[in-house]
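Per TrEMBL, the feature Mg(2+) binding site maps to A:Glu55, A:His435. The Ni(2+) binding site annotation in TrEMBL covers A:Cys74, A:Cys77, A:Cys429. Summarising the annotation, TrEMBL assigns Fe cation binding site to A:Cys77, A:Cys432.
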Amino acid sequence: MAKPAKDKAVSTAKKINVHYLTRVEGHGNIIAEVDEAGTVTSCRWEVPEAPRFFEAMMLGRTYHDVHHIASRICGICSIGHQLASLQATEEALGVMVSEQTLILRKLALHGENIQSHLLHVGYLVLPDLLGVDSVIPLASTHREELLHLVKSRAMSNEFCRLVSGRTTHPQRLMVGGMAKLPSEEDLLKLREILVGAVPEMRAVVDLFAAVKGNFPDFTRETEYVGLSSPSEYGLYWGEVASTAAPRRPAALYQDVAREYCVPSSTAKWSKGVEGPYMVGALARFNINSGQLNASGREAAEKLGLKAPSYNPYYISLAQVVEVVHSIEDAITLTDRLLERGVQAEKPQVVRCAPGRGVGAVEVPRGLLFHAYEYDENGRVTHADCVIPTNQNHANIQKDLEALTPLIAREDKAAVELKLSMLVRAYDPCISCSTHRLDLSEGEGLVRFVPAGKAGLKEG
Amino acid sequence: METEPVTLTSNETCLLSAKPRIAFFDFAGCEGDQLQIANLEEKLLDILAHVEVVSFREIKTGHGDDYDIAFVEGSITRPEDEERIKEIRSKAKVLVALGACAAIGGINCLKNFMGEGFYRDVVYGPQAGWYRTYAARPLSAVVTVDAEIPGCPIDRLEFARVVKELLLGRTPWLPDYPVCVECKMAGNVCRFDMGKMCLGIITRAGCGACCVTEGAHCWGCRGLFPTANLDAARQVMDRAGFDRRQVQDLMRFFLGDTRAGL
Ligand code: SF4
Ligand code: SF4
Ligand code: SF4
């Protein structure tokens, strides 16, 4: 096992070796070297996570189990994986779900986005902004702020539970409908906790507005990709929008998200229309901010976040905005369900026939695609999952390459912190590193900085 | 596989002395179990008052190598994982397997039924050789495991209870009867009566039969209970008219590494 470097920086020369970046999901390393002259000689983002082979594990499985397998790709966005999986299966098998199911699924997605965003901004990012190494010491130094966060998160857990039955790997969502419906009582309770969370979230917005200045001032313009829907801030469905290309239906996802392998990473990397691109809260904000609801817009204003924003550290701010937006939208959706009354509905009957389907959902970390082919028995013959973090890896690398020279002369601790914060901003979900490569195109390896020094063997 | 509730050695007495230092580690898994711990919210703050967290990569940057209890999530899937888990084992007084992946191999074992060349090729194509891996296995296949908190994901309250028991120097207790018992208590209609399959008949209770209650069926994520009768279970499923493939689908979902042997 590699040991963290313990060199003492006596000159400008320094070696940054963040072996297993913390406060992210999964295992990633940041390696950067600066020579005596202050020149960056190497800089790379590695993913040594154990590969998990989900696309192979789905082969031969029946349509009613596939979304439960997909769920285990990630504990933090298990609902999002289930939803993308269900969309793909339903498209392949020609199943249409009811409006009630749709509303419930949108609610489930809001619940998970809120839960995950709060975990990220509150527990993973905030400690950096307040100069501590974890959320734990904040219990004594920033107790009140922490309690607002803890309470909002508790609300989001309860939200997920009321809608999908369990916060992680839920059991209610199924092909063609819901295995169990929330009762009217549950929905009233949901409405109450959502309304109760509004002041709590105001406090969180104020907190981030106050500490925003501690984010490094760094910008790099890139391609932003996200779902876009004419009727709403695109999350559950829409076309794939890019700041570099015309919109495309989700079925053509391989035109905008082209995956390839790199030797330093068990996770795949992706190229967009022009090259590396960003997905996630900031990409969505840059594409869809015009469709935020009133409270979302107000939060963005308070945080001073304007589209387009090219500062990747502001992904966290966009996440705060989305939480506020999602709470308001969830109240609207709950009201709609309460007005029409929860109808006892049987899930749609599924008729198995060969087919192909693509699902595209905006999960906390960005755009997620699942694509399946089924045989006549309703068993998977081909599966492809393109997860948000894999789409961001190349962009993270590009950001590191742009940022490191700017801060190369700062002391080692500062460089290490800023690079770590940068990767953390993306909220990478590394353990999902399990993805299929489209073999039709012979992709070359990416070049790190400088060309030639690329780590073909992991150091 | 050994699923008996564990008996701790004399290690437990040293846990009583000072504030125990605990650490979290993960191998191949989805980190859903660690998320359950983060989701304890206020209860977590209570637990943190009684322990010192020296390593929890998912939420904390500082890292220490000096710990009493190691909570380990995920399956062992590569040769290099073995070295790391052995090192963790050598430092920990008590090693707790967290979740189905760590305790029984869990969902990762789905790939064990395919040739290694096949699944590597399906996912990585010509670059498959870059990514070494082998059949997924539970921690107990490589090191001694003192206690387990089963489930996919773990039940957060069970986690809190097990931690409490460890801190008190007690042997953590796990139910040794099937999920069916809790399913009856929850008032569910049995899936077999609805013409569906269910693994509650052979699975260790402790989750309150939550999947059945939420409209699905038991998938076996908590592993077999100590005296589970697999032959009888298979007969029940046969007699209920399910074909071999359907039974196999369900048995392999989480139980691929057990002696369930399908
Ligand atoms: S047991 Fe389940 S929740 Fe835990 S790591 Fe494995 S897949 Fe995730
Ligand atoms: S539904 Fe499953 S867990 Fe419940 S009683 Fe029937 S077999 Fe047992
Ligand atoms: S019902 Fe079965 S699958 Fe569900 S949590 Fe309990 S043991 Fe696991």
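Quick reminder: no glycine exception, Cβ is built from N, Cα and C everywhere.
Recorded residues A:Cys429 (Ni(2+) binding site) and A:Glu55 (Mg(2+) binding site) have their alpha carbons 17 Å apart, per Cα-Cα distance.
All protein chains shown were included, and the count of other CB atoms within 10 Å of the CB of A:Cys74 (Ni(2+) binding site) stands at 33.
For the recorded site, A:Cys429 (Ni(2+) binding site), the DSSP three-state label reads strand.
Within the same chain, the residues at least 6 positions away from A:Cys77 (Ni(2+) binding site) whose Cβ sits under 8 Å from its Cβ are A:Glu112, A:Ser116, A:Val363, A:Pro364, A:Arg365, A:Leu368, A:Cys429, listed in sequence order. When the alpha carbons of A:Cys74 (Ni(2+) binding site) and A:Glu55 (Mg(2+) binding site) are compared, the span between them is 14 angstrom.
Note on A:Cys429 (Ni(2+) binding site): other Cβ atoms within 10 Å of its Cβ, all shown chains, come to 29. The local packing around A:Glu55 (Mg(2+) binding site), expressed as other Cβ atoms within 10 Å of its Cβ over all shown chains, amounts to 24.
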